[in-house]
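Here is what TrEMBL records for this protein:
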{"type": "REPEAT", "residues": "A:95-129", "note": "repeat 'PPR'"}
{"type": "REPEAT", "residues": "A:196-230", "note": "repeat 'PPR'"}
{"type": "REPEAT", "residues": "A:293-327", "note": "repeat 'PPR'"}
{"type": "REPEAT", "residues": "A:393-427", "note": "repeat 'PPR'"}
{"type": "DOMAIN", "residues": "A:608-700", "note": "domain 'DYW'"}
Amino acid sequence: MNCFHKHPTRCSWRQNAHFLLHLKLRLKYYSTQMSQASILQKIRDVKPLHQAHAHIIVSNLSENVFLCNRLMNAYASCGLVSKAQIIFSQIPNKNLVSWTILLSGLTKNGRFFEAVEVFYGMMVLQIRPNEITIASVLPAFGKLGRVLLGKSVHCYWIRCNFGDNVFVETGLIDMYSKFGCMRIARNVFDNMSVRNVVSWNAIISGYSDNGYGEEALRMFNLMKRKGMSGDIFTVMSLISLEDFRVGSGIHGLIVRSGYENDPLIRTALMGLYINGNFVNDAYRIFEEINKKDLVAWTSMLRGFSRSGNWRRTIEHFNKMMGENMIDYVSLITMLSGCSCSGALQQGRRMHALVLKTGFQDDLFVGSAVIDMYANCASMIDAKRYFGGMVERDAACWNALISGYGMIGCGNEAIVTFLKMKDSGLSPDESTLVSVLCACSHAGLVEQGLRIFDQMTKVWNLIPNLKHYACVVDLLGRSGRIYDAYLLTKRMHLKPGLEIYSSLLTACKIHRNFELGDEISRELIELKPNDAGHYILLSNMHALAGNWDCARMSRISLKSSNLKKNPGLSSMEINGEMFTFMASQTDHPHYLEIRDFLEGLILKIKAAGYEPDTDSVLLDVSDDVKRDILFHHSEKLAIAFGLMRTKPGAVVRITKNLRICDDCHLASKFVSKVCARVLVIKDAKRFHVFRDGVCSCRDWW
DNA sequence: TTAGGGTTAG
């Protein structure tokens with residue numbers, strides 16, 4: 001039996017035009033407030049609405065609160081919430097309904113900050129909200145993470161003893177789910193006397209969004225047993241469930257639900273394939289969507305960009321421009337793509353497009369531009385854009401701080417952090433991550449510890465696992481492995497992957513093989529499907545000279561059928577992206593790169609470079625080790641960059657993994673011998689090689 | 001009252 005029902009269709013323009021005709025006729029014969037108001041309620045299109053508004057002004061009814069409320073509602077429903085705000089400001093005798101309509105208009109149009117401001121305005125004027133006001137404002141608290149405000153409104157609602165209200169209760173479930181408080185959300189759900197499909201959807205998507213897949217499925221099955229039909233929202237919340245995909249198969253559910261051809265469902269499925277790195281499957285679905293909207297186009301853009309296919313990313317973006325499918329989200333997606341691949345030239349074009357399209361004052365776009373420049377090691381541009389912004393939020397500051405961190409300017413990062421506090425803006429969880437990372441990259445241990453202490457004690461910020469991972473990294477890198485280890489035992493959270501990874505890296509740097517071995521085993525137990533841990537364990541044994549153990553780790557990796565992420569270096573030349581993989585002899589430019597590289601190695605050897613064969617953690621002869629070293633992806637990229645760019649030009653390379661000791665050493669010599677600046681971004685930070693010295697001062 | 005694309009870290 002099909003347990004899904006279709007969602008209602010929206011009013012068409014034709015229907016609206018029909019209402020307009022009736023509006024005129026009715027106004028002519030019954031010029032009562034009631035008839036105009038009831039018509040306003042049905043208008044869902046801009047054109048007839050403007051005409052109705054004009055008619056109300058002409059009829060001298062613009063001070064009528066009842067009509068104005070309806071007009072505001074109609075404007076807000078068409079997405080013209082600014083119009084509703086103007087009308088609201090002009091109503092002489094606003095009532096609770098006026099406030100509530102404004103609030104719900106703002107939340108429905110995603111303007112949550114303003115909604116909360118309006119709510120505060122009501123509090124100041126001592127206007128007591130009713131159930132509808134509360135239900136309207138709850139989504140804003142949820143979306144903005146205003147936990148205290150949300151909880152106090154919940155208390156107010158209980159105190160007022162309004163009684164059961166499915167709208168408020170469902171809003172509370174949604175809000176607490178967004179806060180990540182699933183226990184409270186479930187408590188509200190369990191105490192409801194009446195539940196509708198929205199309430200069930202709220203609790204299912206709450207569990208699903210918070211990573212409790214099994215519980216989400218359990219609730220879905222319970223919902224079916226209770227005889228409740230699901231709808232498109234139910235399917236949406238189940239689509240992203242890993243358990244569900246693995247178990248019953250998502251396609252079966254979609255076909256049974258009858259939403260197979262729904263563009264929204266298809267876009268959600270695209271996202272699923274993109275996240276699983278199946279870009280071609282996502283593209284197949286994308287092509288099948290008849291009316292592709294902005295979201296579908298942008299989702300596909302993310303897919304191409306994420307898969308590293310730069311040529312298709314650019315082609316797709318150009319098509320979007322041709323189809324007039326560009327908005328601030330697509331710009332952010334493209335900026336983020338440039339940021340990940342270090343594509344500075346394309347990034348500059350995006351910056352120009354931001355100015356051309358008029359999104360330069362948008363905070364989200366702004367932080368994405370700053371992040372792009374920061375990830376292309378162009379802090380001058382990042383700072384200039386930041387300086388020119390009319391308004392800045394925490395994300396903009398954080399992008400700047402982490403930019404300084406990545407390039408190794410720890411002091412600049414701390415100064416920016418202090419300026420952020422002086423500006424009156426509260427640092428958030430990400431600020432602490434950014435500033436701690438910056439301290440870690442620059443080796444500023446004491447400063448980092450002081451900031452962590454201050455943020456947690458003075459600012460009352462509850463440290464999460466990421467923060468602890470940063471502190472463990474900070475201590476571990478500086479050699480205080482035992483302190484880092486003690487912290488993991490003392491903290492109030494159970495150590496996760498990030499913590500153990502940081503500890504393990506520290507063990508590798510400082511050759512603490514005993515603890516390293518213990519941590520590796522913890523890591524493998526925690527996430528057995530990650531090839532990286534086996535590699536680290538093997539490398540650790542190799543460093544200690546335990547070749548048998550190293551081999552055993554590699555064998556267990558092989559037998560588990562896990563594949564290591566291959567090391568890739570990429571670089572942008574004249575807007576085109578070139579990618580190199582270690583020992584890739586089938587690269588179209590392999591022969592010329594090899595010849596150039598041989599000459600380059602001879603030159604740097606003459607200047608004193610000695611290959612660091614310890615970087616090859618395999619039990620092979622030194623000759624083979626040298627051969628492997630000379631074919632690392634970074635070296636291939638450096639050679640290609642020197643060949644293809646003008647003398648004196650900066651060579652910029654992005655690597656997906658961390659740079660190895662030997663490539664780091666060789667880059668220093670290359671920068672001196674060839675009189676070139678090399679900017680290499682690895683998985684964590686930048687290395688700027690200039691005149692034989694690296695900006696990281698060999699600390700990474 | 002609930003849904004598909006996006007920024008800061010990793």
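Placement of Cβ uses the backbone N, Cα and C atoms for every residue, glycine included.
Please treat TrEMBL annotations as automatic predictions, because they have not gone through curation.
Each residue of the domain 'DYW' (A:608-700) gets a DSSP state, and the totals for helix, strand and coil are 37 helix, 16 strand, 40 coil. For the repeat 'PPR' (A:293-327), the residues of the chain that approach it from at least six positions outside its boundaries are 263, 266-267, 270-271, 273-274, 277, 279, 282-283, 286, 333-334, 336-337, 340-341, 343, 346, 353, 357, 568, 570, 572, 575-577, 579, judged by C-beta separation under 8 angstroms.
The average per-residue pLDDT of the prediction over the repeat 'PPR' (A:95-129) is 90, rounded to a whole number.
Residues of the repeat 'PPR' (A:95-129) grouped by DSSP class, helix first, strand second and coil last, total 26 helix, 0 strand, 9 coil.
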